[in-house]
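Copied over from Swiss-Prot:
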BINDING   C131, C134, C172, C175  Zn(2+) binding site
ACT_SITE  C198  active site, nucleophile
ACT_SITE  H232  active site
ACT_SITE  D249  active site
REGION    363-395  region 'Disordered'
COMPBIAS  366-385  compositional bias 'Polar residues'
COMPBIAS  386-395  compositional bias 'Basic and acidic residues'
Amino acid sequence: MTPPIKSPSSSSVDYGKLSEQLMIAYTKDVLQRNLQKFHGEQHRQQFKQLLNQPVIKSIHSLSGIIVRYRHNNSELDKALDTIDLPKIFERLEIREKTNKDKNLDYDDLLVLELLNYFKNDFFKWVNSPDCPSCGSNEDVQGLGAINPSSSKTISQSQAIIDQVSVIEVHECKKCKQKIEFPRINNPVTLLTTRRGRCGEWVNCFMLILQALIGGGDDDSDRIRYVWNQEDHVWCEYYSLSSKRWIHLDPCEGVYDEPLLYCNNWGKRMSYVIGFNYNYMIDLSDKYIVPEKQIPKNSIVNVQNVNFVISYSNGINQLKHFKRIEQQQQQQEVDVNEQRNLAFLKLYHNFLVPYNKEINQLKPELTKTTPSTDLPSGRQSGSTEWTKSRGENGES
């Protein structure tokens, strides 16, 4: 008589090891599919052709933007040296004592205080630049824009250092003097100039935010640049206590109000894309209510956008896997263990956070109750300007 087959007892199964094996197998499968899908010549050519489309080109140009705020310790140190840390932490202490929201932890309160300090004490909004002769900006008229190479006030080398994208030309009606206003993208330069519109505000704010909460290791991924096709940018940070990405708008000094733009400004939007270190993600469902949704296909082919996001994320995962592998090679472990550790790191740092967020962004899960405390309409910018952009709360 054949003896019955005994199932392994629970004590003989190493569930931790089994779990790791499943994670490694899943990550291997994802990377293999990425290699097959995105390293082929057909997909490379498809991606290259799509970059001829303006919206696709804009999205791709931002795919590596977070690197701007990371990895340069001297720039992060300069950010901390430039801001008034004693004032920030003094106010933070008051926030801690008066805070009644149990969902806000120390990091969250620090971000709130930085938001307040940055808007009210550090950075200045520019409707029109001040006239260097009379000091007024009340009677300054915009005349258009020029390339940095045509500037009469900024050298080409300085324009490159400051990452000047374009230079606005204005004229003071009182003095008849031409005024150049360079649109600066270098966040380190902005620590000194401390003025601009939403692009400058977000660039400078994110460098300081990274310096304060970003962490010093390669695995840290807590700040995100958020781009809107209809000419606005803002940012998010990952809250360790809430375990989610939280909306921040430094221009408005607003925290965790994703429906600010649709419900308070009355802004109609098509696409909202987020860019953090590990991946890019379509955040449109988080920020756009159905009645303010500009049909995406009226702007750009939705499938093309989805392909570019998937392609960029897939290539990014492969690059990061190689980087992690190289780091593991410095450890005194065998080659197989090095690869397995790299697979596990990729699983925890990339695949789990991305998949979790994708699930959280399902339309039925992203409904947010707008704050009744927020004023109607955009607060930064002149009345005429916000009205012309459909952001004054009347539409």
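Each residue's number is its place along the chain shown, starting with 1.
Including glycine, each Cβ sits where the backbone N, Cα and C put it.
The CA atom of D249 (active site) is located 9 Å away from the CA atom of the residue listed as 'active site, nucleophile'. Within the same chain, residues 231, 261, 264-268, 375-378 sit at least 6 positions outside the compositional bias 'Basic and acidic residues' (386-395) and bring their C-beta atoms closer than 8 Å to a C-beta of that stretch.
Secondary structure from DSSP puts C175 (Zn(2+) binding site) in coil.
Taking all protein chains in view, 22 other C-beta atoms sit within 10 angstroms of the C-beta of H232 (active site). Put simply, of the binding-site residues C134, C172, C175, the one whose Cα is nearest the Cα of H232 (active site) is C172.
Of the chain residues outside the Zn(2+) site list C131, C134, C172, C175, P132, S133, G135, S136, D139, V140, K173, K174, K176, Q177, I179 have their Cβ within 8 Å of the site's Cβ mean position. The number of other CB atoms found within 10 A of the CB of C175 (Zn(2+) binding site), across every protein chain shown, is 15. In the three-state DSSP assignment, the secondary structure recorded for C198 (active site, nucleophile) is helix. According to DSSP, D249 (active site) sits within a strand segment. Fewest Cβ neighbours within 10 Å among the recorded positions C134, C172, C198: that distinction goes to C134.
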